[in-house]
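**Student:** Under the heading ATP binding site, TrEMBL lists G78, Q79, T80, G81, S82, G83, K84, T85. The domain 'Kinesin motor' annotation in TrEMBL covers 1-371.
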Amino acid sequence: IRVRPLTCTETRRGDQRVVHSLGDGTVHVSAARHDATFGFSAVFDAGASQETVFEGSGMRQLVELAVDGFSCTVFAFGQTGSGKTYTLMGPLAQGETQPAPPGLLGLMQRSFACLLEQSQSRGSDLVLSTSYLEIYNEQVRDLLSPGPPCALPLRWSKTRGFYVENQVSVDFESLDAIANLLQQGAEPRRRQTSAHALNRHSSRSHALLTVHIRSRAVSTHPAPMGGQSGGPSTYPSKQGTLCFVDLAGSERVKETGSSGELSVEANNINRSLLALGKSPPTMGAEAASSQQNPDAASVAHLLAGHCISLLAKPRGKRMHIPYRDSKLTRLLARSLGGSGITLMIACISPSSRCLSETLSTLHYASRARRVTTRP
């Protein structure tokens, strides 16, 4: 869990701080009619640095597992303006002449540096490539393709599971190269962003950057009886992935002041988050009404029966997991319930005005902790 600081607007408005870190992975929410304590693997309060989050969240270990051939995913979840993109990518760079200060770099840049260090220290033949996608209004778009991003088809096969057809994958060998690809895909003219009352740089799409890691450790045959040295041989290759998922934040339209196209985008964002938080049939007419007009309140209400909750049940009691209900859940299917290893970073606001969304995020994260996979 990461708790962001109160913003200047919230401080001037007189918002109260209702979220407090108690240490040892415990966070306490205290407000009128609400008094709850939650336990997690780690809790980072408003004063935590980007480096502290990187080291304390287990991100370095996740990079090492990806190099060893595992499918690893880290995704940030939370209300709009809660600090998800900042946690993953750091502050927005002001062009090439004003890059972000090194101390503010996010998990992605720090993971790239760690990955390249691993490549050099292990002495293995490591081939690195990356792809970068966004889901905008239920369309999958390639952020690395030449020209404006265009919609790509999402397919399924028995061997690959869900995959995006014709996506661009770019090889890289240096930190500058992958940083440039990240910056290219995140440019406002490519990834969809807009301003509203809660966030001046609100992501209007879900973004997925995946690093593909192919490694092959090289060894040498021992000298045969004849005295001639053997030639090089190779161990079986390993293929791992490291996927970063920046989810667009859930929104209350009445709080953000969105209208027109922004309102349409907000409904599509919330609808895909509802698929991640799928309502069970037993919730009846109220749930059906909420699904037709899914604002953040309905997201909060329906979190009790989503994919995460179904996956958290004992395997013998699980219902069908509705991955196909949205493109987001299809692309996250392997990360959520497959053979991969997933780190979830839930970002929350300490403001009293955001209390309901903060509680929803904390309950969601609590259920996510119970999901187990078989890597």
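Backbone N, Cα and C define each Cβ position, glycine as well.
TrEMBL labels come from automatic prediction, so no person has curated them.
Since the structure is predicted, the reported quantities are computational estimates derived from the model, not experimental observations.
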**Student:** Around the C-beta of T85 (ATP binding site), how many further C-beta atoms are within 10 angstroms, looking at every protein chain?
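**Tutor:** Here the count is 26.
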**Student:** Return the residues near G83 (ATP binding site) by Cβ distance under 8 Å, restricted to its own chain and a separation of at least 6 in sequence.
**Tutor:** R2, R4, C347
